[in-house]
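Shown next, in structure tokens, is the structure this report addresses.
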Amino acid sequence: MAGDSEQGNSKPAGTPLPPKPLEYEQISLARLMILLFPVTLTYFLLLLDTSIIATAIPQITSSFNSLLDVGWYGSAYQLGYAAFQPMSGKLYTYFNTKWTYLIFFAVFELGSVLCAAATSSTMLIVGRAVAGLGSSVLMNGALTIISDCVPPHRQPLVMGMNMALGQLGTACGPLIGGALTEKVSWRWCFYINLPIGGVVFLMVLLTRLPTGIEKPPARDVIRTAVKSLDLVGFVLIAPAVTMLLLALEWGGNQYAWDSSRIIGLFVGSGATFLVFLGWEYTRGENAMLPLSIIRLRVIWSAAGTLFCFYGVMFPFNYYLPIYFQVVKNDSALMSGVHMLPNILAQVLFAVTAGALVQRFGYYLPPIVLGTALMTVGSGLLSTIGISTPEHDLIGFQIIFGAGIGLSVSIPFITIPHLIPRPKIPTAMAIVVFSQFLGGAVMLSASQTIFTNSLRDLLANDLPGTEGVRIIDSGARSVRDIVAGAQLTAVLEDYSTAIDRIFYMGIALGGGAFLFCWGLGWRDIRQKEETAEEKPTLETVEVEDPEANRHPHPGEQIESAKESFTGRSESYEISESHDGTERKAKTTK
């Protein structure tokens, strides 16, 4: 299942030998296209699955009388994703890439089947959680495969195109979901994953994937799974994330914010997370999320940027279709059509960003401009109401979509250039975990903002229990319950509640703008030319359990990365102005 281990290395007993970096395999253009097609299609499918449900939600809430569960349809997916995703870096570091990828792809497809066949809102939520669990390893796998197949100087354009097509899935989701919901059934928003997934599964199964690191035998990893995979760390981080999301989802809905249950969840999440950090510190370089990687400025900047970035994008994809269908009385299909300005802007500017980085080498300008535009777009969208003209809605979405497109691929472009190959899966796991944690947390927060705002506004505008009846009946049933002046008031309330979600987007967009500056100013075209002058790998201490995890300086084991000329280099930690450079190079 995994490749052979490196011979001649010494390692404490009971621990697999560390992965060894390999040279890039020479791949023809035709084979490269065959390798990248299923990877890009997977990325498209995963992001399609996160957004296709958006335009179907009003119909789903009417089918199950479950408007209060709207946040769960997205958060359950993110919960399954965020709980297991940190483990993905370890899985791709130690196990065969292809089989790891295919196993979790099958789990994702199983979740899609459960959603499509759901007979209740609860079953749909469970299916979303299973699909999220499966997809948790696939996103990192797609990025790892690209970094293994494509030489660094070609990665910006390839990554930009991959992200553009992936974002096409995010942006086209409402359009495709609207068409399927209106013409067939909302269940086909999930059935559609099966034929597309079948193509991906077969292509990956029949393709030999290059690997960037030589891996230890799988039997050695399984025999020492608790140590090598850091299962204790996983057991700690999963409940910490789960309790946080449950507190955000239930707070103000099922339970008051000051209730003992919600307070207990927040306290439990924080305490468990602190224990997790302590455990990861003691594990050193064997940790699931090594602190030596997290503390690199390029990593925490990328993670912070993506946390804020997806915290803006996910609520946008869920609640703007509700605005079009409820406030503007669009059909599911037309609400998707009205989101085309955002779709086209994202795709165009994502490809443009990748091309610009490959041409000029500097990755900071596109993401600085992109996060600024995203923030401005969120501000403009927070002004929409029942009488907002169509040309304003188009313009606001273009600005917002341009910001998304310019920014989305940049953090993933920087990592393969600034992080050594053996550490790329773990580094990718950290930033991908951050982006989907941001999406999950902010989607739950958005549901809380929307529900509480709508409940309070309706209580002021409607007599008795009419407001509760509107919320319980589902988004598409508003016009069946009220009419005339009351309908106008209810539509204003819906619009105001959605506007408040975009207020949060302004703050998060500003956060992304500030974080992205930490990525540093660097010309990635110089990577190969100046590998000796600008090294990227730190010296790490491998803790020896027999020496109480405090080895003598002479017992340090330096991790190594093969340069493009075939030499092995190691460096001591010394973070420079761009957060990646090291000092005191030694060459073997």
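Don't overthink the numbers, they just go from 1 along the chain as shown.
Cβ coordinates come from backbone N, Cα and C, glycine included.
Copied over from TrEMBL, here are the features:
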{"type": "COMPBIAS", "residues": "546-561", "note": "compositional bias 'Basic and acidic residues'"}
{"type": "COMPBIAS", "residues": "574-588", "note": "compositional bias 'Basic and acidic residues'"}
{"type": "DOMAIN", "residues": "35-524", "note": "domain 'Major facilitator superfamily (MFS) profile'"}
{"type": "REGION", "residues": "529-588", "note": "region 'Disordered'"}
{"type": "TRANSMEM", "residues": "29-48", "note": "transmembrane segment"}
{"type": "TRANSMEM", "residues": "99-119", "note": "transmembrane segment"}
{"type": "TRANSMEM", "residues": "125-146", "note": "transmembrane segment"}
{"type": "TRANSMEM", "residues": "185-207", "note": "transmembrane segment"}
{"type": "TRANSMEM", "residues": "228-248", "note": "transmembrane segment"}
{"type": "TRANSMEM", "residues": "260-279", "note": "transmembrane segment"}
{"type": "TRANSMEM", "residues": "299-319", "note": "transmembrane segment"}
{"type": "TRANSMEM", "residues": "339-357", "note": "transmembrane segment"}
{"type": "TRANSMEM", "residues": "364-387", "note": "transmembrane segment"}
{"type": "TRANSMEM", "residues": "393-415", "note": "transmembrane segment"}
{"type": "TRANSMEM", "residues": "427-450", "note": "transmembrane segment"}
{"type": "TRANSMEM", "residues": "501-520", "note": "transmembrane segment"}
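The transmembrane segment (125-146) makes no contact with the transmembrane segment (299-319): fewer than 3 of their CB pairs lie within 8 A, with pairs spaced 6 or more apart in sequence. If you look at the transmembrane segment (364-387), the same-chain residues 6 or more away from its ends with a CB under 8 A from one of its CBs are 305, 309, 312, 316, 320, 323, 327, 349, 353, 356-357, 393, 395-397, 399-408, 410-411, 488, 491-492, 495-496, 498-500, 502-503, 505-506, 508-510, 512-513, 516-517, 519-522. The list of residues near the transmembrane segment (427-450) in space but at least 6 beyond its ends in sequence, with Cβ under 8 angstroms from a Cβ of it, reads 50, 70-72, 74-75, 78-79, 81-82, 85-90, 92, 136, 139-140, 143-144, 147, 241, 244-245, 248-249, 251-253, 289, 293-294, 299, 302-304, 306-315, 318-319, 411-412, 415, 419, 497-498, 500-501, 504, 508. Take the transmembrane segment (339-357) and the stretches 29-48, 228-248, 299-319, 393-415, 501-520: counting Cβ pairs under 8 Å, 393-415 has the most.
Between the transmembrane segment (299-319) and the transmembrane segment (501-520), the number of CB pairs under 8 angstroms, six or more residues apart, is three or more, so the stretches are in contact. Averaged across the domain 'Major facilitator superfamily (MFS) profile' (35-524), pLDDT for the predicted model comes to 84. Panel annotation: around the transmembrane segment (228-248), residues 15-16, 75, 78-79, 82-84, 86-87, 90-91, 94, 220-221, 262, 265-266, 268-269, 272-273, 275-276, 279-280, 283, 286-289, 437, 440-441, 444-445, 448 of the same chain, lying at least six beyond its termini, place a Cβ under 8 Å from a Cβ of the stretch.
Beyond the ends of the transmembrane segment (393-415), by six or more residues, the same chain brings 143, 155-156, 159-160, 162-164, 167, 171, 298-299, 302, 305-306, 309, 313, 316, 338-339, 341-354, 357, 363, 366-367, 369-378, 380-381, 384, 424, 427-428, 431, 509, 512, 516, 519, 524 to within a C-beta distance below 8 angstroms of the stretch.
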